[in-house]
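J.: This is the structure I want to talk about, given as structure tokens.
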Amino acid sequence: MRSSLPLVAVLLLAGFVLSFTASEYTLRLLNMAVIASVAVVGLNFAFGYAGLISLGHAAFVGLGAYTLAILTTQAGWSPWLAAIPAILGTGLVAAALGYPLLRLKGHYLALATLGLNVSFSIVAANWIEVTGGTNGIARIPGLSILGHDLKDERSFLWFGLAVLAVLSVLALAIHGSRIGRAMMAVRDDETAAAMTGINVTGVSVSAFALSAIYAAVAGCLFATHVHFVSPDDFSYAHSITHLAMLIVGGEATVAGAIIGATLLTFLPEWFRIFGDGYLAFFGLMMLAILVFLPTGIMGLLRRWRRAPRPGTAPHGAARS
Amino acid sequence: MADLIQLVTNGLALGSVYALAAIGFVIVYSATGVVNFAAGQFVMLGTFAGVTTLVTLGLPMPVGYAGAVALMALFGLLFYAAVYLPLSRSPVVTIIIGTVAIGITLQNAALLTFGSWPVRLTSPVEDMIVEVAGAVIPLHAIAVVVATAVLIGLLWLLLNKTALGIAMRAVAQDVRAAKLMGLRVNVLLAFTWVLAAVLAGIAGLMLGPMWFADVNMGDPIALKAFAATIIGGFGSLPGAIAGGLFVGLAEVLGASYISSAYKDLIAFGAMILFLLVRPQGVFGERIQDRG
Amino acid sequence: MSSAADGPITVGATVPTTGPLSLTGKQYFNTLTMAEEDINKAGGINGRQLKIVIEDAGASNSTAVSAFVKLVQETKPPFAFLTSYSTQNLAVAPEVAKAGIPVMYSGGADAVAENGNSWMFRIRPADSLAGRAMAQFATGTLKATKPGILYIQNDFGQGGAAVAQKQLEEAGLKVVASEAYGQNDKDFSAQLLRLRSSGADVVFIFCYPADGALVLRQAKALGLKMPIVASSAAFVPAALQLLSAADLDNVWGVVDAFVDPSVGGRMKDFAERYKAKFGTDADPYGLAYYDGAMLMAEGMRKVGTDPKALRDWLAAVKEWPGIGHAYTFDAKGNGVHDLAVVKAKRGTKALELVQSLKLD
């Protein structure tokens, strides 16, 4: 875990260097990877730190994106200004939902959050006056910094990488802080944590709300990057993808989250060369990673670097 | 009144399919602890097993149905060996993602094999209807409800009255104790997957004539089956049945009496509500047993 | 582009070949391939061969955008085809403006054309046009006074239902019931019974192929007697193959174009060759892209492959005689201004043209 910071720095630097050489198409995929990374680093608070299995993460990404979209297109706010209520509002909603929901554990929580995500999609698709229904909301204004519009993929990527860097450092700082340790204590043994005086519900809800705040940041980035949101961008399938990214990256670390998000963004695109069956390959590939690399890419990297030390791989939240 | 009878029958037929899908899901969960996100694809494959034997090969109906069920049994065995065994020691999240991944593969493999056109299986009682107090009820819908009831009865007998079923339940309760008792746990687990695949397959065969089948129908069915499972109670067979029927009825009656646009919120809202208020569902395991 | 003056002209197309949208996507995948062959057999474009590179647009907006950006990046096409799904069109629109190449698309939502993106040309009727046509036919020909609406909960259904409702209300008619169903729903008894008990004397159905066929079957099974006017998708071959003749009794379709060999002439040739080549019947979606490819080829013959020149040429197209329509692009890039009303001949599934509706 201590080794995560240098690796995160290397990853972000690699993204920055790539931004000078990559084609427009690769730049777009890198932007998608960065946005997914922000969301998945956030999901790591809930899953990796606190052991909460959430299959509703995309709903929080969507809540952030929709709030920004509505405030910019209907109320004429600047996207910077709109991002504030989008992010904080999403955090509050997550906290309010978390209080009753987080009493659930394991697959109960997984299915409850899945139901939450499906419900979000139904509302987004049918509350036409506000959300534009299934047509979504188009013409969302882009961001600009000091008069420079982040219109092209390259400058957006620089901005996205900066956001990801700040949020990653913050996530690592939280990991080492008292609240971060409390989250992991709750993950590892709830009863023991409660006995040492940790407020289990409070800690779980904080982790959940933090993860939703990151999700909302990702949503704001998404809306200002694509300039268009619609319900199917935030379906439960995306939530499963977020969780898959975290698992494939491995070991519930910030670096793993970024690696997983990037890999699963690029993999289906690379697999296009397989022709019609490319998604079938993608599924098999993912299964193979889960079976042969149970600790994800991070576990693989660790094994390459040195012989495995017993007990170093935190097995996610194997709680069931 | 006629309308209500009509709606209730249609809801029950719909619910029967959800119930069967939910039972396949629950059997696997009880015995192996696996939350199978590919459960919907099992149902889809069941329909297309029927398409293969009845339409592509043109077999006569009894042979075709038997062939389709046999194909599904084979599929269940394959799934056990190729997906369950390699993943069986993984954490619950890895298993969830793993079944999602294989679900993507199954769906796309089916698209490559069968194409994107929807298909219609004909029913043995095609176009026959029964009129009850002004409501028009297809005989097939009644057959679905009856067949589901019979299957559930057989399943109950299997699990409670046969040595095989009792051994399966022993494995479901405690694998290590079952091993100590000398039960061949792997064979029993394999049989569980086969049973789940066969039940999903039969659900698929029954819905083929009622709805049109297409290779993308798996996930929506799985979502409804999840809701049914939670409402009825995780890991409980009677729960899966009650939950399935509830979801089917809620869908049809909700569309009629509340709002057709928001009707699916009823099933998922009820699911979340149950999780909050009574997470063990109507009939389910006590929550501290697992999770 | 001048450096490769004798090489093939490469054009891009994003088509859903995976996921649920591939049902319709397959049709234009086929017709684009067919158009490419036909154009090359006829000597290509001013002696240069045409090559259409197709990428999967999948079932999500972001896949569609990635596919488009990939095409633009890797093949630098002077022109591209987008999908027939409005939300994908809306999501890709900013990238089209960035790429600065003309594209043809066939999503129906009016919002796509309202974007003020001068590079985008629609080769199917807009949903508002279809809604108006349905309202006009039902009030004019069927003399309906109490219309009801049933629509699928997606961009197409919600948009079409809203337009039809507005049109009908402007004509002084009150919509007695408006019911929705989900894209994956299989039982429509609640909605259909509500339409019946509301006293509707005509029902408009805005649907996709498989659900449209299922709605028609269940409407007959429930004994609904009023005429049904369904949108294009209920009459595509993928839907018709699911239906019996009886299901089509008293059902009218307001479709993009009447695609049937019985029309004769070029339509006969197109429909028969499609069937021979791909084993299924052609549908209006496929035809739209075939016509679109031919129109594009003609533009390239006239003004070459400079994207801007090609766009300006397309924008000025007036009454270009395609197989399905006479195409005229208006200021918003809408190329199609007519629809066809079709009906199955009594007791059969063979369609016949009832009337053509020209609007605008």
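Using the three backbone atoms N, Cα and C, a Cβ is placed for every residue, glycine included.
The transmembrane segment annotation in TrEMBL covers B:12-35, B:42-59, B:65-85, B:92-117, B:137-159, B:187-213, B:225-253, B:265-283.
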J.: Please report, as numbers and ranges, the same-chain residues at least 6 past the borders of the transmembrane segment (B:225-253) whose CB is under 8 Å from any CB of it.
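T.: Sequence-remote neighbours of the transmembrane segment (B:225-253) are 7-8, 10-23, 25-27, 29-30, 39-40, 152, 155-156, 159, 263-264, 266-268, 270-271, 274-275, 280-285, 290.
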J.: Examine the transmembrane segment (B:12-35) against the transmembrane segment (B:187-213) and state whether at least 3 Cβ pairs sit under 8 A, considering only residue pairs 6 or more apart.
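T.: Contact between the transmembrane segment (B:12-35) and the transmembrane segment (B:187-213): present.
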J.: Counting only residues 6+ away from its ends, which parts of the chain sit with a Cβ under 8 Å from the transmembrane segment (B:65-85)?
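T.: The answer is 32, 34, 38, 42, 45-46, 49-50, 52-54, 57, 59, 98-99, 102, 189-190, 193-198, 200-202, 205.
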J.: Tally Cβ pairs under 8 Å between the transmembrane segment (B:92-117) and each listed stretch (B:42-59, B:137-159, B:187-213), then give the stretch with the top tally.
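T.: It is B:42-59, which has the most Cβ pairs under 8 Å.
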J.: Are there residues at least 6 beyond the ends of the transmembrane segment (B:187-213) whose Cβ is under 8 Å from a Cβ of it, and what are they?
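T.: Answer is 13, 16-17, 20-21, 23-25, 27-28, 31-32, 36, 39, 42-51, 65, 68-69, 71-73, 75-77, 79-81, 84, 118-123, 126, 138, 140-141, 143-144, 147-148, 151, 155, 164, 167-168, 171, 178.
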